[in-house]
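K.L.:
What Swiss-Prot records for 192, 193, 194, 195, 213, 214, 215, 219, 230, 231, 232, 271 is FAD binding site. Residues annotated as NADP(+) binding site in Swiss-Prot, with similarity to another entry given as evidence: 195, 215, 271, 303-304, 333-334, 343-347, 372-373, 411. Annotated compositional bias 'Polar residues' per Swiss-Prot: 107-116, in sequence order. According to Swiss-Prot, the feature domain 'CpcD-like' maps to 18-76, an assignment based on sequence analysis. The domain 'FAD-binding FR-type' annotation in Swiss-Prot covers 133-256. For 1, the entry in Swiss-Prot reads N-acetylmethionine, with the evidence type a curator's inference. Marked as region 'Disordered' by Swiss-Prot: 74-120.
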């Protein structure tokens, strides 16, 4: 349905999720959580755990819960068993994991996933590697909820396998998703674009995945009937192991500048956090040798309730670990009040921090990004208009100057 090469592509990808990787883990300690494991926890040094690709993220979260720290991830050479079986434990039954512990790490000749090529040149921006008539057919590796009980709406984090193709992307780009089936006119559904929520190296760090942050669209039509978005509903309900038709990547407007000393102001509402998750993961979580962020990253994030804060634990952990380089500000509309006693929206946070934001924006190294619902734009413009007037400038003129300098970036929908 999607392309003449669909069957062949699907066949090549059928075993993608079974590729094996070796985690080197330190810091695991014996506890009630680790007592059920079939491999011993070392008192010192490293523990090595073999993990299939499709379970990498689950295993990362499990290791974190047990107090461990992953110091390296390496592909198991040839995706085959180790050359000897001595010291290899049975698969762990803890939390349904299909991982194994090994007595020895993978050969040192294997390239670790934290080793990366040099920074891409500015003109080396991948665009439309896969098009609607010949999409890439990937596999769903993960689909899990991002909001907590009591939240408004449904938001999912999805990760797709790219190992059987050559799709690559940069932080700030988007991919297209083609939902299966036909519309009410008998025509194939049109693709929908989604901002990429992972860095160029993917959530597993091996350059073989791409992730999205998707909210299920739901609204009332003129007849008062509840209508659900075709593509967002498809994505929120897709199962691990299912095929997914992907196009792209597209977009040059929202790219993260390569300058490690840049200041990055990010204004997001809801799933508009997606490109900024990619930015922040590259700045603070990956820590690659070819990119060491030294500037200030400031995220002002608008959400309706605390339960709707996406990636909350990761964001707050980064803010605590990098207080000199990352600032996190929430605008929680249904829980916080602005200075006038009304609901706290993102524009009110801009007004509260007017002087500091204005001073930052005068710096030619500062880039300002806005991503989220289109309805956020008027309020933001109003806040910046007042901000500019206080400093003797006209906002539209200053905004035009920043656009000309490629320092003002907007992606709303």
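All positions are counted from 1 along the displayed chain.
Even glycines carry a Cβ here, placed using N, Cα and C.
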K.L.:
Specify the nearest of the binding-site residues 192, 194, 215, 230, 232 to residue 411 (NADP(+) binding site), where nearness means the distance between Cα atoms.
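P.N.:
Result: the closest of the binding-site residues to residue 411 (NADP(+) binding site) is 194.
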K.L.:
By the count of other Cβ atoms within 10 Å, pick out the sparsest of the binding-site residues 213, 230, 344, 346.
P.N.:
230
K.L.:
Just the number: how many Å between the Cα atoms of residue 192 (FAD binding site) and residue 372 (NADP(+) binding site)?
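P.N.:
On Cα coordinates alone, these residues lie 15 Å apart.
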K.L.:
If you average the pLDDT over the domain 'CpcD-like' (18-76), what number do you get?
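P.N.:
That stretch averages a pLDDT of 66.
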K.L.:
DSSP-wise, what's the residue breakdown of the domain 'FAD-binding FR-type' (133-256) into helix, strand and coil?
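P.N.:
Taking the domain 'FAD-binding FR-type' (133-256) as a whole: 8 helix, 51 strand, 65 coil.
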K.L.:
Within 10 Å of residue 195 (NADP(+) binding site) by C-alpha distance: pick out those among the binding-site residues 213, 215, 232, and say none if nothing qualifies.
P.N.:
213
K.L.:
Could you tell me the maximum Cα-Cα distance in Å between the residues recorded as binding FAD, namely 192, 193, 194, 195, 213, 214, 215, 219, 230, 231, 232, 271, rounded to a whole number?
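P.N.:
The span, Cα to Cα at its widest, is 21 Å.
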K.L.:
With H, G and I counted as helix, E and B as strand and the rest as coil, say where DSSP puts residue 304 (NADP(+) binding site).
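P.N.:
For residue 304 (NADP(+) binding site) - judged by DSSP and reduced to three states - the answer is coil.
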K.L.:
Within its own chain, what residues at least 6 apart in sequence put their Cβ under 8 Å from the Cβ of residue 304 (NADP(+) binding site), listed in sequence order?
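P.N.:
Those within reach of residue 304 (NADP(+) binding site), by Cβ under 8 Å and sequence separation of 6 or more, are 152, 332, 333, 334.
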K.L.:
Roughly how many Å lie between the Cα atoms of residue 232 (FAD binding site) and residue 271 (NADP(+) binding site), rounded to a whole value?
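P.N.:
Between the alpha carbons of residue 232 (FAD binding site) and residue 271 (NADP(+) binding site) there are 12 Å.
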K.L.:
Can you grab the distance from residue 213 (FAD binding site) over to residue 271 (NADP(+) binding site)? Cα atoms, rounded to a whole Å.
P.N.:
6
K.L.:
I'd like to confirm something. Which of the binding-site residues, 194, 215, 230, has a Cα closest to the Cα of residue 346 (NADP(+) binding site)?
P.N.:
215
K.L.:
What count of other C-beta atoms do you get within 10 angstroms of the C-beta of residue 271 (NADP(+) binding site), across all chains shown?
P.N.:
24
K.L.:
Determine, to the nearest whole angstrom, how far the Cα atom of residue 271 (NADP(+) binding site) is from the Cα atom of residue 194 (FAD binding site).
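P.N.:
Residue 271 (NADP(+) binding site) to residue 194 (FAD binding site), Cα-Cα distance: 10 Å.
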K.L.:
Counting other Cβ atoms within 10 Å, pick out the least crowded of the binding-site residues 195, 232.
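P.N.:
With the binding-site residues 195, 232, fewest surrounding Cβ atoms within 10 Å: 232.
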